[in-house]
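Enquirer: The following feature annotations were taken from TrEMBL:
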BINDING   G242, E276, P277, G278, R279, Y374  pyridoxal 5'-phosphate binding site
BINDING   R279, R315, Y319, E346, Y374  substrate binding site
DOMAIN    33-372  domain 'Orn/DAP/Arg decarboxylase 2 C-terminal'
DOMAIN    38-281  domain 'Orn/DAP/Arg decarboxylase 2 N-terminal'
MOD_RES   K63  N6-(pyridoxal phosphate)lysine
Amino acid sequence: MTPVSYFPHKNDEMYVDDIAISDIAKQVKTPFYCYSSAAIEASFQDYQQAFSAQDTLICYAVKANSNQAVLATLAKLGSGADVVSMGEIRRAIAAGIPPNKIVYSGVAKTQDEIHYALSLGILQFNVESEPELELISKVASSLNTTAAIAFRINPDVCAQTHEKISTGKAENKFGIPISKAQLAYKKAAALPGIKVQGVDVHIGSQLTSLAPFAEAYQRIAELVTALRADGHDISVIDVGGGLGITYRDEVIPSKQAYADIVNAQLGQLNCKIIIEPGRSLLGNAGILVASVVFVKEGEERQFLLLDAGMNDLIRPSMYDAYHQIFAVNKAKKSLKTYDVVGPVCETGDTFAKARQVHESNAGDLIAIMSCGAYGAVMSSNYNTRMLAPEVMVKGSKFAIVKKRPSYEEIINQDIIPSWL
Ligand SMILES: *Cc1c(COP(=O)(O)O)cnc(C)c1O
């Protein structure tokens, strides 16, 4: 799936399914996120197909896009959820994902969060440290229940991705070192309220090559064999997420090729496989639509000043991320070179430098592509800008799936103390 697969231009006008983006913009006002339901379904079914020969549960990584309409779309297709907070557990449940399809990751789960997850009866805790293991044991014992756990193993492989989204090197904060794993499992097996059932690994995000996965999974296979020899009943392997998407011109291995790697490295162990894709399900299923506020002639550059900013989409300033940018209507326009920037009072509020975009004027619509994952979820009210609404499209229908708040709603969250 490319950035434009589900958002093609037809006769110079950008569409999503049967609806012109400009028609949505008339009703919703910019900026807004727009998701294609068909794109989400297609990439989920792609994973299902690729893993159909293996006993696999797809646990969508909720943090990539936690909108209820997105989660409900995936829940209907049978998806589970990989969550990293109480809030995400609540979102998953509210959208219809059953607790027995929820795996709980995260380095700093609190007692309240563990208590809540245990009371629901989730599928698995992916435990990231020994103190966490002890806390889960304590809470499970107090509830007279048992927590099914896997340790998240840090396999010490380089994911060859941006350093802020690489998680499987020894120096990262995630998981327990593979060299200490056998000791940790021994300890876990002896603790009350704990049932050892699996092994978990997640080495990073936006991986464009399968080699780091193969390396990590090979180490995991060796560990599972060693753990079984130690007497542990390992029946689940959670292989994490991390498969990348095409933002610019990256060539991404197919989901089938990825599934084949999983099978080649882990298939002979006869474990249930959990996969936790996030970006690769949602990334190219969404765009951010903005309007040009002004075209500004700088001394050396021309700026397209948009009504969307880094508070709406932080990936370019946080990860130096590249997003394709198109004029929604290209008719009778030639390409020009622009710096595409937002209104926020920071130089980092830049979506692209020296980018070719069809000539645009104030009021024209601009589409920033590949924003379905890590877009809306990372947005903020910085500069007291409203969170952009979110829209989902299916066929000839569209719905606002998150509305734009009012200024009162934002300002009234603050409280002036009576003693002031
Ligand atoms: C973020 C995350 C994922 C999803 O990563 P993607 O790159 O979006 O597929 C999966 N598992 C864990 C533990 C994560 O933290």
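A Cβ is built for glycine as well, from the same backbone N, Cα and C atoms used for every other residue.
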Enquirer: Rounded to a whole angstrom, what is the C-alpha distance between R315 (substrate binding site) and the residue listed as 'N6-(pyridoxal phosphate)lysine'?
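Expert: With the alpha carbons as reference points, the distance is 14 Å.
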Enquirer: Please work out the number of neighbouring Cβ atoms within 10 Å of the Cβ of R315 (substrate binding site), leaving out its own Cβ.
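Expert: For R315 (substrate binding site), the count of other Cβ atoms within 10 Å is 20.
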Enquirer: For a Cβ distance below 6 Å to any atom of ligand 1, name the binding-site residues from E276, R279, Y319, E346, Y374 that qualify, or say none.
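Expert: If the test is a Cβ under 6 Å from any atom of ligand 1, the answer is E276, R279.
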Enquirer: Rounded to a whole angstrom, what is the C-alpha distance between the residue listed as 'N6-(pyridoxal phosphate)lysine' and G242 (pyridoxal 5'-phosphate binding site)?
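Expert: The residue listed as 'N6-(pyridoxal phosphate)lysine' and G242 (pyridoxal 5'-phosphate binding site) have their Cα atoms 13 Å apart.
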Enquirer: Fill in the CA-CA distance, P277 (pyridoxal 5'-phosphate binding site) to Y319 (substrate binding site), as an integer in Å.
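Expert: About 19 Å separates the two Cα atoms.
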Enquirer: When DSSP is mapped onto helix/strand/coil, what comes out for R279 (pyridoxal 5'-phosphate binding site)?
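Expert: Where R279 (pyridoxal 5'-phosphate binding site) sits, the three-state DSSP reduction gives helix.
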Enquirer: Including all protein chains displayed, how many Cβ atoms other than that of E276 (pyridoxal 5'-phosphate binding site) lie within 10 Å of its Cβ?
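Expert: Its Cβ has 25 other Cβ atoms within 10 Å.
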Enquirer: If you count other CB atoms within 10 A of each CB, which of K63, R279 wins among these recorded positions?
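Expert: Result for the most crowded candidate: R279.
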Enquirer: In sequence order, which residues at least six apart in the same chain have a CB under 8 Å from the CB of Y319 (substrate binding site)?
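Expert: Once residues fewer than 6 apart are set aside, Y319 (substrate binding site) is near H162, K164, I165.
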Enquirer: Taking the Cβ of each of the binding-site residues and counting other Cβ atoms inside 10 Å, which one has the highest number: G242, E346?
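Expert: When each Cβ's neighbours within 10 Å are tallied, G242 tops the list.
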Enquirer: Of P277, G278, the binding-site residues given in the record, which has the fewest other CB atoms within 10 A of its CB?
Expert: G278
Enquirer: Just how spread out is the pyridoxal 5'-phosphate site if you go by the largest Cα to Cα distance in Å among G242, E276, P277, G278, R279, Y374?
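Expert: If we measure all Cα pairs in G242, E276, P277, G278, R279, Y374, the largest is 15 Å.
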